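Over in Swiss-Prot, the protein carries these features:
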BINDING   Leu121, Gly125, His126, Leu127  (6S)-5,6,7,8-tetrahydrofolate binding site
SITE      His230  site 'Plays an important role in substrate specificity'
MOD_RES   Lys231  N6-(pyridoxal phosphate)lysine
Amino acid sequence: MNQEINNFYIKDQEIFDQIKLEEKRQKESINLIASENFVSQDVLKVQGTILTNKYAEGYPEKRFYNGCQYIDEIEKIAIERATELFKAKYANVQPHSGSQANMAVFQALLNPNDRILGLSLSDGGHLTHGSKMNFSGKYYESYFYGLNSKTETIDYAEVEKIAFAIRPKLIITGYSSYSKIIDFKSFRKIANKVNAYLMADIAHISGLVASGLHPCPLEAQADVVTSTTHKTLRGPRGGLILTNNKEIINKINKAVFPGGQGGPLMHIIAAKAVAFKEALHSDFIKYQKQILKNACFFAENLQKKGYRIISKSTENHLFLVDVKSKNPNFTGKKISDILNKVNIVVNKNVIPFDKETPLITSGIRLGTPAMTTRGFKENEFAKVSDFIDEAITNHNDLNYLNNLKQKVITLSKNFPLKI
């Protein structure tokens, strides 16, 4: 892995030791968490610069602090690159996270207790799309659409039926564990019929959208698009808001600052700008294409080994596996813990119509972006499929698992990070 920290040292030995251990873990693991990735050396370096010293409340040329002339240029570059990448008219690059980007949209477009409609959390939605545990469900009246019980995909006729029944002010699309292409145009038609705003949260698929490998919600006339800047976009941890509507961007800018945040994280915004430039390169499209190839191949391979893939296949970077299809006594928690013992890192995940709790689950979520960054192609994912099946089949044999772990470490070390 090129992201070595051998030349990095801090006096705080306790923290330094943990950083070194985490570096070792990343080097020696196969990371299949769909929301994680490995940033480039440039993105990593920029986050550790003196830009972290500068407070810059406000927006370029409208700051509340002096000394922002270079900071202004950095933020303007980030905005220009974001709008070019996603073919948008306006962008706000200040949100600290995807959740805060979503919160800003809610503040900008809604009043407390307005109705919102999103995919249920148990079917692949996100906490910020109306969960009662989250601000989106506490301060707004949230309703949900689900997936078709037979196809495990979105039933657009059912979404329309619910929308007519509740008349939401905001309809939300974009998900955290949905493996099919999203028909943004159908959502736009539904939103028009009930006079609702349409928000697309593309946090997971933003890299695919930017590369033209997934439909763009702005082309389908979504009112606003939110995203994280990590995941498939392969930038720093952070948020992003896009729109083609000047009135909406003015409201969003006020909702981000002063509505929800104070000073922006300029070292992160600079890293976002670097990541956007990387994503504008033709190599990024090749990378996204390989993500898709790997995901489709990976899902098919596990299917051949007897694992049920939710909705039968994937059309993006991730998919869900029903682990009970292999053994009714299995749970997502149990399988994710077993795989962790052999350095294969996944997350447990609820599946549609799951009877297990979110802390236990009947499924696991698998994604290909991180290991595709490391250089994995179909041959490597064939080996990963074998490793997963072997670990699950021999989960009670500690000697077998220890030997398998060494194979995983060897494969992982053969693909150091090269960007």
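Placed from the backbone N, Cα and C atoms, the Cβ positions cover glycine too.
Overlay of Swiss-Prot annotations on the structure.
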residue: Leu121; record: (6S)-5,6,7,8-tetrahydrofolate binding site; Cβ neighbours (10 Å): 22
residue: Gly125; record: (6S)-5,6,7,8-tetrahydrofolate binding site; Cβ neighbours (10 Å): 24
residue: His126; record: (6S)-5,6,7,8-tetrahydrofolate binding site; Cβ neighbours (10 Å): 23
residue: Leu127; record: (6S)-5,6,7,8-tetrahydrofolate binding site; Cβ neighbours (10 Å): 16
residue: His230; record: site 'Plays an important role in substrate specificity'; Cβ neighbours (10 Å): 26
residue: Lys231; record: N6-(pyridoxal phosphate)lysine; Cβ neighbours (10 Å): 27
Quiz item: Whose Cβ lies within 8 Å of the mean position of the Cβ atoms of Leu121, Gly125, His126, Leu127, the (6S)-5,6,7,8-tetrahydrofolate site, other than those residues?
Solution: Gly118, Leu119, Ser120, Gly124, Thr128, His129, Gly130, Ser131, Asn134, Tyr175, Ser176
Quiz item: Can you tell me the three-state DSSP label for Gly125 ((6S)-5,6,7,8-tetrahydrofolate binding site)?
Solution: coil
Quiz item: Rounded to the nearest angstrom, how far is the Cα of His230 (site 'Plays an important role in substrate specificity') from the Cα of Gly125 ((6S)-5,6,7,8-tetrahydrofolate binding site)?
Solution: 18
Quiz item: Just the number: how many Å between the Cα atoms of Leu121 ((6S)-5,6,7,8-tetrahydrofolate binding site) and His230 (site 'Plays an important role in substrate specificity')?
Solution: 21
Quiz item: How far is it from His230 (site 'Plays an important role in substrate specificity') to Leu127 ((6S)-5,6,7,8-tetrahydrofolate binding site), counting Cα to Cα, in Å?
Solution: 18
